[in-house]
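Heads up: the structure comes next, in structure tokens.
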Amino acid sequence: MQCPIYVYPGYLLAWGLPRRGGLEPGTAAVGLAVGCPHPTYLILLSPQMAQRLALRQLLSLAPRTLPPQAPVARHSRAFSTSANCKSTFNVQDGSDFQDRVVNNPKPVVVDFHAQWCGPCKILGPRLEKMVAKQEGKVLMAKVDIDDHTDLAIEYEVSAVPTVLAMKNGDVVDKFVGIKDEDQLEAFLKKLIGA
Amino acid sequence: VFPSEAAKYEKKVMVLDFVTPTPLGTSWGLGGTCVNVGCIPKKLMHQAALLGQALQDSRKFGWQFPEEVKHNWMTMTESVQNYIGSLNWGYRVALREKKVTYENAYGEFVGPHTVKATNKRGVEKLYTAERFLIATGERPRYLGIPGDKEYCISSDDLFSLPYCPGKTLVVGASYVALECAGFLAGVGLDVTIMVRSILLRGFDQDIANKIGEYMEEHGINFIREFVPIKVEQIKEGTPGILKVTSKSTKGNEIIEGEYNTVLLAIGRDACTRKIGLDKVGVIINEKTGKIPVNDKEQTNVPYIYAIGDILQDKLELTPVAIQAGRLLVRRLYAGATTKCDYVNVPTTVFTPLEYGACGYSEEAAVEKFGEENIEVYHSHFWPLEWTVPSRDNNKCYAKIICNIQDSERVIGFHVLGPNAGEVTQGFAAAMKCGITKEQLDSTIGIHPVCAEVTTKCGKSSPGTAEVKSPSLVFQSDTA
């Protein structure tokens, strides 16, 4: 589940939240953004915080936590933007797969899935979460087998979900079907460590 | 099936599969009609309707839940389409495993032993082969009236319709029309069926009428002896509102009706007109588009074969096509001689009250053998499961037609009731072995099941009431 983080410098823009004497910068609130079915986390930023955030993004660092120097209100918590947005990506085509998976210096797990596959909808987010926990040491590529049938056939995918562990362009490990978080963690650690 | 079978014998095989989108743009994946827009989604949606009925029955068995139980069309359709998606993929994998080349391209003959394949981007490729097998199937027919292609849907669109069809007019009286109308009503929609003349042409008419009566009693409206002449859109939407103007087949009466959806199920036409058959000299029936073949499924051109719904005078059933295909390949490449047996092929119509049949209908038996040479045994029955909810007493029915001149061999089997397909399958095997009425009577029934009625059918005497179910001592009609 990749929930976007909305940051509003200066003042609260969230619709429907009570303005009881205003909210301190750094306060987190939960609301529903239009078009997004998941609860969306809103973080209020002071202009300085917003500047630092922009700078971090500019330097391509995932802003996982707010800079410690920022004036953070007592009752606030920093939310991780979840490195999901950087460590997981959807494969666009064959050459994209070549560039971002086969030729990637980092190990990549490839999640072959399908729209019509129930178990895939369970495994996908679970795998994304465990990949995120590895803090960038491994990346995750998602391949829809109906959109990229040639790729699925090339890698001999019969049933879905099929997950391949790829390192330096070679398939070094694989599993088919659902696994729980511990099993996924072990799978990923083996890939990273090996 | 056929490509995999041929590949077993180390023949190089290619499949050209292409679905021309419907007028409304619907298309689907690998697997043919049955998998995508036929048997599979039909039976699943029929099951959805049966479950609705089961929910109602369940209260009498002690299940307690709030008064209103609702049905969500999108949930059902999504589940059905997900399953179909897995089947499409399964076929891709199966072809790959057997090393069959698959092209999603429209194939047509351009010359002897040569086919042109055009993909959806318009790219053309030419292929040559030693032998060709045509299995292009059929597509729903349209009425040819104003508004039909723009506003009406067919079974090609129904099973993946991205919105609930709402109040529906089903035009037609084929099994497709009755089955679709049946499950649409079963999931709670307001359904009307417009019938030009008779129900289920080609099937036993006595049973066909019982099916119609049952559907009418269960809330489906029938408009008999009318045909639509115009469809107009009153309001756009998903669904919108359509106005249908219809004319009587017996006079000049005109009626109008408003519906959210109009489903055309008036027949299917073979896809043989635009595949270049004239370029290679394959003869087709100009009127129907069907291809006549010999008993080895060979067309008049020796290296071109045909299978499935496009064959003239053969049954349009999935298992028939599969069996014919398998045997054809074995004859061509494994030296076998077995031909497909088209006699005593069992079938089932999945209307709300299901109908299983094998062999002759009563009309066909009378025509072939003469009324004096056949004996008809029958019985009504009341499934035990329906007694507690106290519904549909004396609706289920079984009929066995025997040939007096051939030791009273069973030549026609008909059962109208739940799980008709399950009941009929074993019986078809018995008929293949030549079961007689005496052997049937000496078979002890399983109790308490619907199928045991087949061991208890009695003669119908002229002028007397039909035989009621003998297994019930008393019948309570209290609700």
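The first residue you see is number 1, and the count goes up from there.
Placement of Cβ uses the backbone N, Cα and C atoms for every residue, glycine included.
What TrEMBL annotates here:
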ACT_SITE  B:H447  active site, proton acceptor
BINDING   B:K43, B:G107, B:D309  FAD binding site
BINDING   B:G172, B:A173, B:S174, B:Y175, B:V176, B:A177, B:L178, B:E179, B:G267  NAD(+) binding site
DISULFID  B:C34-B:C39  disulfide bond
DOMAIN    B:5-325  domain 'FAD/NAD(P)-binding'
DOMAIN    B:345-455  domain 'Pyridine nucleotide-disulphide oxidoreductase dimerisation'
REGION    B:459-479  region 'Disordered'
B:C34 (disulfide bond) and B:D309 (FAD binding site), distance between Cα atoms, whole Å: 11
Maximal Cα-Cα distance (Å) across residues annotated as binding FAD, namely B:K43, B:G107, B:D309: 30
Helix, strand and coil totals (DSSP H, G, I; E, B; other) for the domain 'Pyridine nucleotide-disulphide oxidoreductase dimerisation' (B:345-455): 41 helix, 33 strand, 37 coil
Densest Cβ neighbourhood among B:C34, B:C39, B:V176, B:L178 (recorded positions), 10 Å radius: B:L178
Cβ packing number for B:G267 (NAD(+) binding site), 10 Å threshold: 14
Extent of the NAD(+) binding site in Å [max Cα distance among B:G172, B:A173, B:S174, B:Y175, B:V176, B:A177, B:L178, B:E179, B:G267]: 14
Same-chain residues at least 6 apart in sequence whose Cβ lies under 8 Å from B:G107 (FAD binding site): B:L16, B:F18, B:V115, B:K116, B:A117, B:I275
Pairwise Cα distance for B:L178 (NAD(+) binding site)/the residue listed as 'active site, proton acceptor' [Å, integer]: 31
Winner by Cβ contact number (other Cβ atoms within 10 Å) across the recorded positions B:K43, B:H447: B:K43
Top Cα neighbour of B:K43 (FAD binding site) in the set of recorded positions B:G172, B:S174, B:H447: B:S174
Residue among recorded positions B:C39, B:G172, B:G267 with Cα closest to the Cα of B:H447 (active site, proton acceptor): B:C39
Rounded Cα-Cα span from B:C39 (disulfide bond) to B:G267 (NAD(+) binding site), Å: 16
B:C39 (disulfide bond) versus binding-site residues B:G172, B:S174, B:V176 - nearest by Cα: B:V176
